[in-house]
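Asks: Quick one: this structure, given as structure tokens, is what I'll be asking you about.
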Amino acid sequence: MLDLRLLRENPEATQARLDRRHSSYDIQPLLSLDQQVRQWEQERTQLQARSNEIGRSVGQKMREGADPQSEEIAALREEGNQLKQQIADLEQQERQVRSELDTYLLTLPNLPDETVPLGSSEDENREIHRWGDDRIREGEFAPHWEIGERLGLFDFERSTRIAQSRFVTLLGAGAALERALIAFMLDRQTAAGYTEVAPPYLINSASLTASGQLPKFSEESFRCDRDDLWLTPTAEVPLTSLYRDEILSADQLPLRYCAYTPCFRREAGSYGRDTRGLIRLHQFNKVELYQFVHPDHSEAAHQQLLANAEAILQALELPYRTIELCTGDLGFSAQKTYDIEVWLPSAGRYREISSCSNCGDFQARRANIRFKEAGQKGTRFVHTLNGSGLAVGRTMAAVLENYQQPDGSVRVPEALQPYLRQTVIGQP
């Protein structure tokens, strides 16, 4: 959530930064609502002051022996009653407009960091670096879904019977490979200083609002209407709310967490895209990285989180590239984002496998997560950062494609062999 005071005091500069996203966000309706609320607050304060003055005057006159039935006392009491009604009416109007103001504020995205490259689409994202170019092989490569079905690792047809399209059932070595990847990722991140968390998979609307999924992305998530619970679209959501409505001490920061969860998404806007394989499913597994940090250390934490995600691909010896998203491609809650894209040889291109974002104080304002410096007055909002470390299904797809052998088998990456207890999956 944006700082209302910033919007109020620097409307032109704030609008200009929003416009860098190349989206039609307009802060003027919000400023009009804010002005109306503040005007009513001022009127209510004046009416309350007059009401208090009347109360004191009546009390004083009664102590001086005035007749309670006198016209003067009756007139003062009548004015006091009218003022109370006016105040009540103003409070009701103010509550309604303040609710509209808060709702509008929740629809505005984060402001891009000044260092983010200007651009309107993913075509203007900037490549930062590549790793593993020497491991990219030439030739014809089978796509991962053909490899998996041939080796009996997963079954899409029966999954459609069980659920619907865009679901998968993992079998045998396929299920074992996914379990190995999850354990490997969690072990690597806990060794890097993250605390493992196993959060609820069902989350309430307040948690989705705090992280920025609601109200904008309500159509992207699966909801249990009877209980106001949603299937989590990412562990970022419950991790954001770990400290919702809490005040931390500065010496607690940074707080770094990793969590494995299944993730559930409707993928409503992706009709016809990636209809085969593990790239775009309604249910998929992911290991998420999350940090609560001091604002002064936010950028350094972002670089650290990115390195932690990249380290998984390096350990698996999977070629990848890292790009910085331009302003027009930023996610709703992010002020700066790096995407990591892994090489898929069957397609001859890189595909996103992780998105590492610095959200500044945007999510912390929505979740009301603050911290206090020792010996200082007041509190400040923490900064939050999140990233995939990594998307498990896409990592499996990359392993199957990059490690496929001429005889039809798949060599197990050396880093996974202690987890999978085999060096090769499948035989010709």
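Cβ coordinates come from backbone N, Cα and C, glycine included.
The L-serine binding site annotation in Swiss-Prot covers Thr234, Ala235, Glu236, Glu288, Ser388. Per Swiss-Prot, ATP binding site is recorded for Arg265, Arg266, Glu267, Glu352, Ile353, Ser354, Ser355.
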Asks: Relative to the Cα of Arg265 (ATP binding site), which of the binding-site residues Thr234, Ala235, Glu236, Glu288 has the closest Cα?
Replies: Thr234
Asks: Roughly how wide, in whole Å, is the group Arg265, Arg266, Glu267, Glu352, Ile353, Ser354, Ser355 that binds ATP, by largest Cα to Cα distance?
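Replies: Farthest-apart Cα atoms in Arg265, Arg266, Glu267, Glu352, Ile353, Ser354, Ser355 are separated by 19 Å.
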Asks: With every protein chain in view, what's the tally of Cβ atoms within 10 Å of the Cβ of Ser354 (ATP binding site), excluding that atom itself?
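Replies: Around Ser354 (ATP binding site), other Cβ atoms within 10 Å: 29.
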Asks: Let me know the DSSP-derived helix, strand or coil state of Ser354 (ATP binding site), please.
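Replies: Note: Ser354 (ATP binding site) is in a strand by DSSP.
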Asks: Among the binding-site residues Arg265, Arg266, point out the residue whose Cβ has the most other Cβ atoms within 10 Å, with all shown protein chains included in the count.
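Replies: Comparing the binding-site residues Arg265, Arg266, the most crowded Cβ belongs to Arg265.
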Asks: Rounded to the nearest angstrom, how far is the Cα of Ala235 (L-serine binding site) from the Cα of Ser355 (ATP binding site)?
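Replies: Spelling it out, the Cα of Ser355 (ATP binding site) and the Cα of Ala235 (L-serine binding site) are 13 Å apart.
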Asks: So, three-state DSSP: helix, strand or coil for Thr234 (L-serine binding site)?
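Replies: Looking at the DSSP assignment, Thr234 (L-serine binding site) belongs to neither helix nor strand, so coil.
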Asks: What's the CA-CA gap between Ser388 (L-serine binding site) and Ile353 (ATP binding site) in angstrom, rounded?
Replies: 8
Asks: Taking Cα atoms as reference points, which of the binding-site residues Arg266, Glu352, Ser354 is nearest to Glu288 (L-serine binding site)?
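Replies: Checked the binding-site residues Arg266, Glu352, Ser354; minimum Cα distance to Glu288 (L-serine binding site) goes to Ser354.
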Asks: Between the Cα atoms of Glu267 (ATP binding site) and Thr234 (L-serine binding site), find the distance and write it as a whole number of Å.
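Replies: Approximately 13 Å lies between the Cα of Glu267 (ATP binding site) and that of Thr234 (L-serine binding site).
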Asks: Near Ile353 (ATP binding site), which residues of its chain come within a Cβ-Cβ distance under 8 Å, counting only those 6 or more away in sequence?
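Replies: Residues satisfying the criterion: Leu313, Tyr320, Ile340, Glu341, Val342, Ser388, Leu390, Ala391, Arg394, Thr395, Ala398.
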Asks: List the other residues in this chain whose Cβ sits within 8 Å of the Cβ centroid of the L-serine site residues Thr234, Ala235, Glu236, Glu288, Ser388, in sequence order.
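Replies: Other same-chain residues with Cβ inside the cutoff are Val237, Leu239, Ala259, Thr261, Cys263, Lys286, Val287, Leu289, Tyr290, Asn386, Gly387.
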